[in-house]
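Look at TrEMBL and you will find 32-53, 274-294, 301-319, 357-378, 398-421, 494-521, 542-564, 604-627, 639-663, 679-699 tagged as transmembrane segment.
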Amino acid sequence: MEDERKNGAYGTPQKYDPTFKGPIYNRGCTDVICCVFLLLAIVGYVAVGIIAWTHGDPRKVIYPTDSRGEFCGQKGTKNEKKPFLFYFNIVKCASPLVLLEFQCPTPQVTCPHCSSFPLPAFHPFLPVKVGWDLCPKQSVPTPPNPFLLPSQICVEKCPDRYLTYLNARSSRDFEYYKQFCVPGFKNNKGVAEVLRDGDCPAVLTPSKPLARRCFPAIHAHKGVLMVGNETTYEDGHGSRKNITDLVEGAKKANGVLEARQLAMRIFEDYTVSWYWIIIGLVIAMAMSLLFIILLRFLAGIMVWVMIIMVILVLGYGIFHCYMEYSRLRGEAGSDVSLVDLGFQTDFRVYLHLRQTWLAFMIILSILEVIIILLLIFLRKRILIAIALIKEASRAVGYVMCSMLYPLVTFFLLCLCIAYWASTAVFLSTSNEAVYKIFDDGPCPLTAKTCNPETFPSSNESRLCPNARCQFAFYGGESGYHRALLGLQIFNAFMFFWLANFVLALGQVTLAGAFASYYWALRKPDDLPAFPLFSAFGRALRYHTGSLAFGALILAIVQIIRVILEYLDQRLKAAENRFAKYLMTCLKCCFWCLEKFIKFLNRNAYIMIAIYGTNFCTSARNAFFLLMRNIIRVAVLDKVTDFLFLLGKLLIVGSVGILAFFFFTHRIRIVQDTAPPLNYYWVPILTVIIGSYLIAHGFFSVYGMCVDTLFLCFLEDLERNDGSAERPYFMSSTLKKLLNKTNKKVAES
């Protein structure tokens, strides 16, 4: 490796240039073609959004739709007084996906040309019909009449009693039962024909509305679903359907109700604790800012205090877990294993198990041991890295407005997320109700698309007098509907591209500002005015194409990873071991590729900020520069990343412990101030996650500063030799860092 570096295998080192004094101001535009592609893609993205907003119907998010694509409870429609959606077959419709997809994805279609060939189910969000063309064509259609068996209808209220069609048919409850049959139902068929044709549900169960959908309340009426005497019926095809299937479906629906109850309790906790959560996040922001300010003046002391505090915080966590583990010894029910207990919506149950605290204690102990071992092996390198952190603290101190730039990145990312999410919703709700012509006799127009409003007076109705225009499926047959899947993929791809572009813009801006600091020979006198704004202007004016190029490469890899995850979910049910192995390998490879591209892009953006070269040239020069100094990279760069990680853990751990004691009423001074909660872990986790994001925002600026100064430091070593003719641009602190590094290399 050393010979390769000396022989120029990783490029030629930079030569002394007396005119070079930092980021080049006289530069030209780079990667213009990528800039044009980005602008065209944005125009296309806006066009997709406009088209989606034109065709989409967000009412589907609020109002459920029946099997014929008609809204329930919407004013001005025939279902205005029927706000709830009732499912005929809860066994297949009782799924959490029903709440997301806005329609039960299980209607069954009888083939237009035969009575015994059911087509695959139609999904409400698929761009076109699925399986309609799979029906075998026959010259003579056979009865019964083809139609979509309704799986869900709009009703005025959910069922409040248990009834079967067999029992209700011969009782006074039949009038009540009929309101849950298809509109216009007439009692002129036999039991088998009614159930076969889907005119009425086989069973009614007491139900409760959830998001305007009727789900069985299996625990609402004790014993109402007992199946001591199993009731069965013939479905017209000789198969027997057992009511025990309904019980299984009701149990699944009860899981949805429990999830809804959990969500409501979590929402209640947020309503009573939101201001305390905000206070916790403000404390995390104040601690992060204080930490950064103290690093400016007490970098060495703060780093060691941070290391010791992290060890103490983890040590206290281990001690607390051990005390809880010991306290539960001998308590009834505390020895139940997590596997036997299973999933519980009330997470407080797990805190009464010894195994839970034992698991927490083991995890924290492993983290403690890993950190201590790393500190032992990196103790000398930490001393060297402290000098680099001191220099980064000075740079951040002179460019203090850089601490506010993460807010700009956050705002732009929120815009990207909002546009992507709204476009995805409108695309997902763009499907329409499709109607087909059906006829008992040999009509040549059978299965052709029709309009139910104009069909009675159309030529088709005169050609086939007995034909009817009935709802067939929920989708669409236009070119737009066929392209919906592609538009969704394009929407996701553009989100990745724009989000990566926003992050790249922030990295180039910060790198340009901190490079201006490093290459100022007399600091801070030679530092240009408003370095952050100057770097931001240069990035947008000259290097939009280069940023788009780097973001495009990363977006391609990320969209491939999304597709692989989707395929992996689809292949989980398959028993093909080779396919699973291949999928795992591909996911691992693309994960590694994404990490490498992020590392390469980050360093390429630093070179772009300094020299104004295009993306490929900057990436190559940055990679070769790091490879020519691989020992220094290993010694300094990654050690500082480790120290910053400890800083984040210290802030998150401190705020998390404070939140834990407050929300569990263990601080006597404010014991009565803490709000009563269903789950105290809800605000605690929110505070912990929010604190980490805040700390990450502050430390990301520091991390970019360290990476920029490090690359400038390596460039300075190659350009200059420290003599009077070729003086170093580095500060006295970094000169000490250089001497220590050279000494360590010589010793190794």
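From the backbone N, Cα and C atoms, a Cβ is placed for every residue, glycine too.
Curation does not apply to TrEMBL; its annotations are automatic.
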Would you confirm whether the transmembrane segment (679-699) and the transmembrane segment (274-294) meet the contact rule of 3 or more C-beta pairs below 8 angstroms, pairs 6 or more apart in sequence?
yes
Which listed range (32-53, 357-378, 398-421, 604-627, 639-663) shows the maximal number of Cβ pairs under 8 Å with respect to the transmembrane segment (301-319)?
639-663
What stretch of 398-421, 494-521, 542-564, 604-627 shows the most Cβ pairs under 8 Å to the transmembrane segment (32-53)?
542-564
Sort out the residues at least 6 away from either end of the transmembrane segment (639-663), same chain, that have Cβ-Cβ distances under 8 Å to it, and list them.
273, 276, 280, 283-284, 287-288, 291, 303, 306-307, 309-310, 313-314, 316-317, 371, 374, 378, 381-382, 384-385, 388-389, 670, 674-675, 677, 680, 683-684, 687-688, 691-692, 695-696, 699, 702-703, 706
Near the transmembrane segment (542-564), which same-chain residues lie under 8 Å Cβ to Cβ, leaving out any that are not at least 6 residues past its ends?
27-38, 489, 492-493, 496-498, 500-501, 503-505, 508, 583, 586-587, 590-591, 593-594, 597-598, 601, 604-605, 608, 612, 614-616, 618-619
